[in-house]
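K.L.:
For reference, TrEMBL lists these features for the protein:
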- 28-364: domain 'K+ potassium transporter integral membrane' (DOMAIN)
- 65-86: transmembrane segment (TRANSMEM)
- 155-177: transmembrane segment (TRANSMEM)
- 197-213: transmembrane segment (TRANSMEM)
- 220-241: transmembrane segment (TRANSMEM)
- 270-289: transmembrane segment (TRANSMEM)
- 301-321: transmembrane segment (TRANSMEM)
- 341-361: transmembrane segment (TRANSMEM)
- 365-468: domain 'K+ potassium transporter integral membrane' (DOMAIN)
- 373-394: transmembrane segment (TRANSMEM)
- 400-418: transmembrane segment (TRANSMEM)
- 430-449: transmembrane segment (TRANSMEM)
- 480-660: domain 'K+ potassium transporter C-terminal' (DOMAIN)
Amino acid sequence: MNQSPSLIEQGISQQHSKTVSCANVLTLAYQSLGVIYGDLSTSPLYVYKTTFSGKLSLHENDEEIFGVFSFIFWTFTLIALFKYVFIVLSADDNGEGGTFALYSLLCRYAKLRILPNHQEMDEKLSTYATGSPGETRQSAAVKSFFEKHPKSQKFLLLFVLLGTCMAIGDSVLTPTISVLSAVSGVKLKIPNLHENYVVIIACIILVAIFSVQRYGTHRVAFIFAPISTAWLLSISSIGVYNTIKWNPRIVSALSPVYMYKFLRSTGVEGWVSLGGVVLSITGVETMFADLGHFSSLSIKVAFSFFVYPCLILAYMGEAAFLSKHHEDIQQSFYKAIPEPVFWPVFIVATFAAVVGSQAVISATDTNMMGHAYGLAVTSVMLVTTCLMTLVMTIVWKQRIITVLAFVVFFGSIELLYFSSCVYKVPEGGWIPILLSLTFMAVMYIWNYGTTKKHEFDVENKVSMDRIVSLGPSIGMVRVPGIGLVYSNLVTGVPAVFGHFVTNLPAFHKILVFVCVKSVQVPYVGEEERFVISRVGPKEYGMFRSVVRYGYKDVPREMYDFESRLVSAIVEFVETEPGLEEEEMSNVRRKKEECMEIMEAKEAGVAYILGHSYAKAKQSSSVLKKLAVNVVFAFMSTNCRGTDVVLNVPHTSLLEVGMVYYV
């Protein structure tokens, strides 16, 4: 039977679509090698060195080396592959990943922490989907607990901030341990090279590499991807070579029995050394955090079919080399490189370490940094496990047995590593704790200060009845033009407006109260960004515009906010419903009002912003005065203002001073 031309054409089209889709996935998978896996792929530089940096000694039977490799293999397999690739990557928030993405999902599905200016219309956003309305007994119980105990919501916020700040601490420590570990390999060939020169070389490389970051993820990925690919191919090939040459028996260490033998023979010292083993999975959280740059499928493909096997082969080969060269434990990675390819691998290692770096050099003792790094990594993983437990219960509505199996299995493994890292707090683990507490205090004070300012605005807003009672002129001289009054309020008239007209009793013919706010979704489409409504009767010429941004939205340069806002208001007027029996007169009035708005725009647009100063009340505690009057005031002064975000021209900007007492 001959197929019709339309069916043939349709079949070709579908086949082409699948080919393009597959090509896109492979392209993204390749690009992800240069952005996501830089940190993870450079871990072999320092894992064995850090693991055996304490009192753990090597014996002739090689049980310690076999045991450590067994721990690395199973940790890499269970945490990186099973937990993150197979489970966590599925918990995305409209394609975005990371700690805040999980928290955003929980906020939407369980209303754990509604933003102060939240509106029901926000829940109608296309990205605000909360799934089926059905509830399980477990999800209902968890939601009820959070509703009945408001303090638990605050605790969850602090918990999320802790995980986020630990991730920042992780990023701060990344270059210290990866770049220095890579560059320090040159000391094998130049033994007299001073440590300070190693640091200087690393700093120069970092400055050079950061200079290309401004070109964006897409271009940087294509620059870095070949480096990461060459690196992974190099270390996996060397791993295969070392395994065959030095000790093929290392393959037997894939059995989990060797983990038991390791802990039985080493005892407490073996447990403490696990803080070095956990460094083998540094960077797994990046797979989830950078999900928005790529896709879940592309990350899974890159890790499962390339990164995972390459790193396992690299760790296996290094362990085989160590089993015959116990004396080289502190320089095992570079010692295991065959002499003919040492310098090419060293160069690639240096570039690969730079690819995985995200911050600045902060110390030179890589063993101490390894202890600090391990604590930061395990803390972030534990936070993710706890949040995933809530997501599985509230969002995915999984059975209680499934949720318990997840948290008990993965939580127990991570607690084992976390306890080992906590033991080494005096040896460097205090660094991420100090960094995280500092960042966490800054974030919480900012959240507290902005919340209190919003409460002050709500308590001191001007009554709409009072404004309407003043008549169409609202008690002022109305001059040509459009006046935009910025506020955090989504209802009512802000106090800054009353303060303004008290000192200058004149205002523009068209008055728009603008509220720029964040919503609990990663992105808001341009077609959904503006919500326009009237304030008072039509003859008053007053509107309200709520401008919504997601937590991942970045205001674009050269964004013509003024024209977009006026267009949104005109569109609102044109589509505003009216009485059917007066349809002709309604059309005429709408045209006239639209003409008045456009004429007002031509006359000029003025931006009125409240320049607020938050101060603690006299009765406040010393700690609160320090937090509000010093820390929050400093952050407010240095925070990017609304005028910068919306590209407000300075010639059209009016600032009204306000003092908030919180």
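Residue 1 is the first one shown; counting continues down the chain.
From the backbone N, Cα and C atoms, a Cβ is placed for every residue, glycine too.
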K.L.:
Under a Cβ pair cut-off of under 8 Å, which of the recorded stretches 65-86, 155-177, 301-321, 373-394, 400-418 contacts the transmembrane segment (430-449) most often?
P.N.:
155-177
K.L.:
I need to check the long-range neighbours of the transmembrane segment (400-418): which residues 6 or more away from its ends have a CB within less than 8 Å of a CB in the stretch?
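P.N.:
The answer is 75, 78-79, 83, 87, 138, 271, 274-275, 277-278, 374-375, 378-379, 381-382, 385-386, 388-389, 392-393.
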K.L.:
Can you find at least 3 Cβ pairs under 8 Å between the transmembrane segment (65-86) and the transmembrane segment (270-289), where each pair is 6 or more residues apart in sequence?
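P.N.:
Contact between the transmembrane segment (65-86) and the transmembrane segment (270-289): present.
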K.L.:
How about the transmembrane segment (373-394) and the transmembrane segment (155-177): do they have 3 or more C-beta pairs under 8 A, pairs 6 or more apart in sequence?
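P.N.:
With 3 or more qualifying Cβ pairs, these stretches touch.
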K.L.:
Name the range, of those listed as 220-241, 270-289, 301-321, that has the largest tally of Cβ pairs under 8 Å with the transmembrane segment (155-177).
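P.N.:
Per the Cβ under 8 Å count, 270-289.
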K.L.:
Count up the helix, strand and coil residues in the domain 'K+ potassium transporter integral membrane' (365-468) according to DSSP, in that order.
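P.N.:
Looking at the domain 'K+ potassium transporter integral membrane' (365-468) with DSSP, the answer is 92 helix, 1 strand, 11 coil.
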K.L.:
Take every residue in the domain 'K+ potassium transporter C-terminal' (480-660), average their pLDDT values, and give the whole-number result.
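P.N.:
Reported value for the domain 'K+ potassium transporter C-terminal' (480-660) is a mean pLDDT of 84.
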